[in-house]
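Input: a single structure, listed below in structure tokens.
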Amino acid sequence: MSYFEHIPAIRYEGPQSDNPLAYHHYDAEKRVLGKTMAEHLRIAVCYWHTFVWPGHDIFGQGAFQRPWQQPGDALERARLKADAAFEFFTKLGTPFYTFHDTDVAPEGDSLREYAANFARMVDYLGERQQASGVRLLWGTANLFSHPRFAAGAATNPNPDVFAWAATQVCHALDATHRLGGENYVLWGGREGYETLLNTDLKRERDQFARFLSMVVEHKHRIGFKGALLIEPKPQEPTKHQYDYDVATVHGFLVQYGLQNEIRVNIEANHATLAGHSFHHEIANAFALGVFGSVDANRGDPQNGWDTDQFPNSVEELTLAFYEILRHGGFTTGGMNFDAKVRRQSVDPEDLFYGHVGAIDVLALALERAAVLVENDRLDALRRQRYAQWDDAFGQKILSGGYTLQSLADDALARGVDPRHASGAQERLENIVNQAIYGLR
């Protein structure tokens, strides 16, 4: 008997259905702005929270009793986990999945064992992908869980740790390429510091940049055509991480000449931990030319840590999708659910409830964002606000037609006396509410 045998495939039944194991708003084939919902959303399920996390927290042991988490042969349990995962993906009807290397294969007791185990499981995942049609959105390497990475991976003071991390990324990037992955993600969970008293900031930044340059070189050497993505996060597990937010990552990439090689994977909960909105980080990524993909989840505003809950705010996601749609949508990226059920949600059905509800929220937000984009009054008002910069005077300033002195002389000669114009924030917020709630 399979783990999810008693659960039927999830189908679209419409908003009037009261079936908790059905989609009420997500109709994969429904067309929105010329593409299907499935094509717009590019939904992925993550391996780590869904099949690896045992339901523990810092105060208690694992609450889940998944068959693949029981004692036994490590590779056999990994295959059992993969079987359950692909059954889940197939029944949910999601086109993509994501993984860390050590999510899918046992790490073993040495680097050689790691490589051998991972190679076997990559073969098995390839078979499961071919049988199911489910594809890999992105792969990555876990460079944060093992104690060897306590002081970082690329930024570690020990070059042997750097070498171990490089080996994992080499194998994980090769595996992602072989499995047809469309992106490769680099999350520096331990690339930061606990105290400045023992930290050489310049050295660690240089090490991190060297590591990334090696990844870029390897990508091109093996012919991987997907995108390389850094996932920003300000802290946790370290006190301060070097990939703090989108702007910080972009500045780092520019400093080391990597801005044309690496983009960002934006997680909603990481944005809020950095003191930003999800909307801000996505808009900033597009403004800086580094938008890649999204981890869809949410945090708890009463908690100061990464709770990784399923997204449930149509309002928040509507603005996120508005930015994505008006910039042309995803290319290699997608909406990956970096989210987990709560520790008390121990039934197999709970995994479906979490994903089904979140996918419906994505669908609602996509449709509301499409309303904003179709008759883009927000953009019209935004362009009107900056219209004077498109006139001859504004263009002369931007094109270098003035020096600071000549501009000051011109302003004095003309007696410049600008008047303050309304930002119309309340009107703009009403437009958003009209799109979301159908208000008139």
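Keep in mind that glycine also has a Cβ here, set from the backbone N, Cα and C atoms.
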Handout entry: Candidate sharing the Mg(2+) 1 site with GLU231, GLU267, ASP295 (per Swiss-Prot), from ASP200, ASP206, ASP338
Key = ASP338
Fill in the blank from the handout: Given the binding-site residues GLU267, ASP306, the candidate whose Cβ has the fewest other Cβ atoms within 10 Å is ASP306
Fill in the blank from the handout: Neighbouring CB atoms within 10 angstroms of the CB of ASP308 (Mg(2+) 2 binding site), all protein chains considered, total 23
Practice task
Give me the Cα-Cα distance between HIS100 (active site) and ASP338 (Mg(2+) 1 binding site), rounded to a whole Å.
Solution key: 12
Handout entry: Densest Cβ neighbourhood among HIS100, HIS270 (recorded positions), 10 Å radius
Key = HIS270
Exercise for the section: Provide the three-state secondary structure of HIS100 (active site) computed with DSSP. Expected result: strand
Problem - Cα within 10 Å of HIS270 (Mg(2+) 2 binding site) - qualifying recorded positions among ASP103, GLU231, ASP338 - result: GLU231
Practice task
For the recorded Mg(2+) 2 site, whose residues are GLU267, HIS270, ASP306, ASP308, find every other residue on that chain with a C-beta no more than 8 angstroms from the centre of their C-beta atoms, and list them by sequence position.
Solution key: LYS233, ALA268, ASN269, LEU273, ASP295, ASN297, GLY299, THR307, ASP338
